[in-house]
């Protein structure tokens, strides 16, 4: 045989003077196996065409077991060239033959598992290694490859089991000894991380339950979103919502209980006239609005060119979107007093307040035609 092109093989059958092309796996018989070393010699160098044995003019077609062995050799050749995809196809073609040699079938499965491993198809490789072991329980190579697949799939307990079963066959198998040691360490790390994650989840759940109880105790109403129609949350629905309780603000700040058991809320201030906002990440429920306004407007914001946004000039409102009504709140009120109002609903975990300059043209236009209540 001689090599042609980029790894393709071709040959000329001698004796009857016609050209014979090797059929692709699955479409015919494979080419004859590569020559073995003879008498300690080396295989022919590339470029040389070795003479092929003459076949009898009426030779019988290869039997299924012979075909399977030829496909195995072909797969081994591809494997040696690191062409693992073709190796898989060759081994598969061998396995499709109907033959009763259990040893050969186990070898084909084990070899295909090795090729799948090189391709990163660890689940397919594991399936082949498992089948090979069923045919031949003491097939050590299949056990090694199956253990490796379990390692890659992070099934450390199973990897340890496979290693121990292989070591009962050969207690000095280096690969299995190393894999068992590594799998044992990784399993311990995984179990430790799982315990930590479980403890953290339990702690977070307890905090959520305490937070939910505090909100319900204060009669604060939450709104579940997104929804075409806002719904007041109560009972089990609130628990479901709180399980994924979040805030739509950019900082990701959430309502939380402090060490004294008081609620601290992220609060958004809107200034419709200038399309500006202010955000307070942790507004203590017992803090007054006026106290925050004094800090927020200690210096005039750059967008207040008319210097109108002074704490004493501001009016604060919240909107009842369901009824399209506005409620003016007293700046001397605390956040908790406002949140407990029967028509206040906390959306997306963030209370929102609108601020206007008293009697400004924009304010008069904004409230024109709207019903306004005063707390």
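Cβ from N, Cα, C; glycine included.
According to TrEMBL, the protein has these features:
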- 1-15: compositional bias 'Low complexity' (COMPBIAS)
- 1-63: region 'Disordered' (REGION)
- 50-63: compositional bias 'Pro residues' (COMPBIAS)
- 258-359: domain 'Cns1/TTC4 wheel' (DOMAIN)
Worksheet item: Which whole number is the mean pLDDT over the domain 'Cns1/TTC4 wheel' (258-359)?
Response: 95
Worksheet item: Counting each residue once, how many in the domain 'Cns1/TTC4 wheel' (258-359) are helix, strand and coil under DSSP?
Response: 16 helix, 41 strand, 45 coil
